[in-house]
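A quick write-up on the structure given underneath.
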Amino acid sequence: MTTMQLDSDGRLRHLLTLEGLPRATLLQLLDRAGQIRDAAVGRVGKRSVLAGTAVCTLFFEPSTRTRSSFHLAAQRLGADVLNFDASTSSTRKGETARDTLKNLEAMGVRGFVVRHPEDGAVERLAEAAGEGTALINAGDGRSAHPTQGLLDMLTLRQAKGTDFSKLKVVIVGDVKHSRVARSDLHALRTLGAGEIRVCGPASLLPDDDMLDGCVVGEDFDAMLEGADALMMLRLQRERMEEGLVPSLEQYHADYGLTRERLARAGRDAAVLHPGPINRGVEITDEVADGAQSCVLRQVANGVAVRMAVLETLLG
């Protein structure tokens, strides 16, 4: 898939996954996003980098943060933004996602931000895209969510510095169903994170090679010791079978992040969550809204990251 993302000169053509993405490309995107974020602090400007370029948010799954973030990012670069709603489109009449893309492409749309419930769906659409058309994966099934991975890495850089070699990161919760966890794991490995710990009930941990090289365990309290950053994951109840967790109350008792548990982690440990948060399940209000929470910073960084990606692909 990495080959499809890059053209013959090594330039990014699509952003489908962070798996196998060259370190230099990853750093280039993060550096550019950081520049955009720094320039935007205290003001919201509009640029003309993508003036005259049409970008479509092609979402076949519900979204609030990601869709709004991409819309704002494209607007701030001067693009014309078309929001596609699957519930009111010809897909209800049987039109395939591929035909939808090709028809919009024929109208002059050059950039597609795609979210889809099926694993690998965005890659298949990228194979069908014409020359000069760029696709960005905004989350497909359990496979990947590359811009979330990028904004998480940008948030970690801001909180902990650019050298990840001594960083101890704990990813907690429903790893099995999480495309965010997959993208974060690929990015952390590429950036040379010192130690990646993965914690959750056995029923919510993947049984493939996704966790190779990670410290894996079910004891949340033990995993927290000395951690520099905690990535709390949402329970993907829409993707999981019944009975994978006994109850939400029991899950919170075992894996919910409370102020008392946070005290076990390293001093000033950063707390991240991709949202939407199930308050009182993955994380308490006190922690979500506390001084160590980076949740809203992640949201703010999302616009900068998506501007950097759109600019790189279409500018």
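The backbone N, Cα and C atoms fix where each Cβ goes, glycine too.
When Arg37, Arg115, Arg124 are compared with the carbamoyl phosphate site residues Arg65, Thr66, His145, Gln148, Gly275, Pro276 in Swiss-Prot, the one appearing in that site is Arg115. Sorted by the number of other CB atoms within 10 A, the binding-site residues Arg65, Arg115, Arg234 start with Arg65, the lowest. Of the listed binding-site residues, namely Gly275, Pro276, the sparsest Cβ surroundings within 10 Å are found at Pro276.
Secondary structure at Arg115 (carbamoyl phosphate binding site), taken from DSSP and collapsed to helix, strand or coil, is strand. Comparing local CB density within 10 A for the binding-site residues Thr66, Gln148, the maximum falls on Gln148.
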